[in-house]
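Asker: Dumping what Swiss-Prot says about this protein:
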- His65: active site, charge relay system (ACT_SITE)
- Asp120: active site, charge relay system (ACT_SITE)
- Ser213: active site, charge relay system (ACT_SITE)
- Cys31-Cys173: disulfide bond (DISULFID)
- Cys50-Cys66: disulfide bond (DISULFID)
- Cys152-Cys219: disulfide bond (DISULFID)
- Cys184-Cys198: disulfide bond (DISULFID)
- Cys209-Cys234: disulfide bond (DISULFID)
- Asn108: N-linked glycosylation site (CARBOHYD)
- 1-18: signal peptide (SIGNAL)
Amino acid sequence: MWFLILFLALSLGRNDAAPPVQSRVVGGYNCEMNSQPWQVAVYYFGEYLCGGVLIDPSWVITAAHCATDNYQVWLGRNNLYEDEPFAQHRLVSQSFPHPGFNQDLIWNHTRQPGDDYSNDLMLLHLSQPADITDGVKVIDLPIEEPKVGSTCLASGWGSITPDGLELSDDLQCVNIDLLSNEKCVEAHKEEVTDLMLCAGEMDGGKDTCKGDSGGPLICNGVLQGITSWGFNPCGEPKKPGIYTKLIKFTPWIKEVMKENP
């Protein structure tokens, strides 16, 4: 599977952490500039960690398996290393991993049959609201269930090679299909629950990968999922990826945002 090597461990040279996911874009293309203005890059002490999504000027949603003790975010970026006119940097004042996510799984170096990575989402409260511009925009939470067969778009700066070792400087987009959860039940030894979405290409070649965790899954123009976990190597035939199903969590998200203005 996304061999449980937490992207944090990869980027910082640590070997004591291992997340359930390996999020990256394989088989994608360079996103058009400013086409994903809600895309966020989450950093840990200056090192790229995970993707995220701007759902409110003061709030970013990402994956709970990206949890650590220090965050900053970049908004409005296409290339992670070039000066860009729409880029905005923000510190994070508070983080709220979903209480139902089993953080102990992150520190396991091997994934076991039956491991359950449900509730893989986290809210980040920005210390200063984002300035909404042509290059930085919020995207609404879903209000209805996504339909199997929908065309979806995932994006991120994760690995562009199946082995997860070559990250992208430029934001990558990939078009994948929303599949029935039964397809992922057949594909993976870990638990696939109704709190997850299954998306990918059954023929392989297109997938998210290491480093894409926490980024958006947009189906028919609606934010429906957050990149969570998948098979390692990425993009294998009959091994679609797993995404947190946001429609299941909108009450919790709204409650956290309301209680922490």
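Glycine is treated like the rest: Cβ placed from N, Cα and C.
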Asker: Taking only the Cα atoms, work out how far His65 (active site, charge relay system) lies from Asp120 (active site, charge relay system), in Å, as a whole number.
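Answerer: Computed Cα spacing between His65 (active site, charge relay system) and Asp120 (active site, charge relay system) is 6 Å.
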Asker: So of Cys66, Cys152, Cys173, Cys209, Cys219, which of the disulfide-bonded residues has the fewest other Cβ atoms within 10 Å around its own Cβ?
Answerer: Cys173
Asker: Using CB atoms and a 10 A radius, I'd like the single residue among the disulfide-bonded residues Cys31, Cys198, Cys234 with the highest neighbour count.
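Answerer: Within the set of disulfide-bonded residues, the most crowded position is Cys234.
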Asker: Between Asp120 (active site, charge relay system) and Cys66 (disulfide bond), find the distance joining the two CA atoms and give it rounded to the nearest Å.
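Answerer: Taking the Cα atoms only, Asp120 (active site, charge relay system) lies 9 Å from Cys66 (disulfide bond).
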Asker: Once near-sequence residues are set aside, which residues in the chain of Cys184 (disulfide bond), 6 or more away, have Cβ atoms under 8 Å from its Cβ?
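Answerer: Result: Val192, Met196, Cys198, Pro240, Ile242.
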Asker: To the nearest whole angstrom, state the Cα distance for the pair Cys152 (disulfide bond) and Cys173 (disulfide bond).
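Answerer: So the Cα of Cys173 (disulfide bond) lies 10 Å away from that of Cys152 (disulfide bond).
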Asker: Look up Cys234 (disulfide bond) in the DSSP assignment and report helix, strand or coil.
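Answerer: Where Cys234 (disulfide bond) sits, the three-state DSSP reduction gives coil.
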Asker: Provide, as an integer number of angstrom, the distance between the C-alpha atoms of Cys50 (disulfide bond) and Cys234 (disulfide bond).
Answerer: 17
Asker: Sorry to bug you, but what's the C-alpha spacing from Cys31 (disulfide bond) to Cys66 (disulfide bond), rounded to the closest Å?
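Answerer: Counting only the Cα atoms, the answer is 23 Å.
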Asker: Can you tell me the three-state DSSP label for Asp120 (active site, charge relay system)?
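Answerer: For Asp120 (active site, charge relay system) - judged by DSSP and reduced to three states - the answer is coil.
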Asker: Any idea what DSSP makes of Cys31 (disulfide bond), helix, strand or coil?
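Answerer: Reduced to three states, the DSSP call for Cys31 (disulfide bond) is coil.
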Asker: I'm trying to understand the geometry here, so how far is the Cα atom of Cys219 (disulfide bond) from the Cα atom of Cys234 (disulfide bond), in Å to the nearest whole number?
Answerer: 21
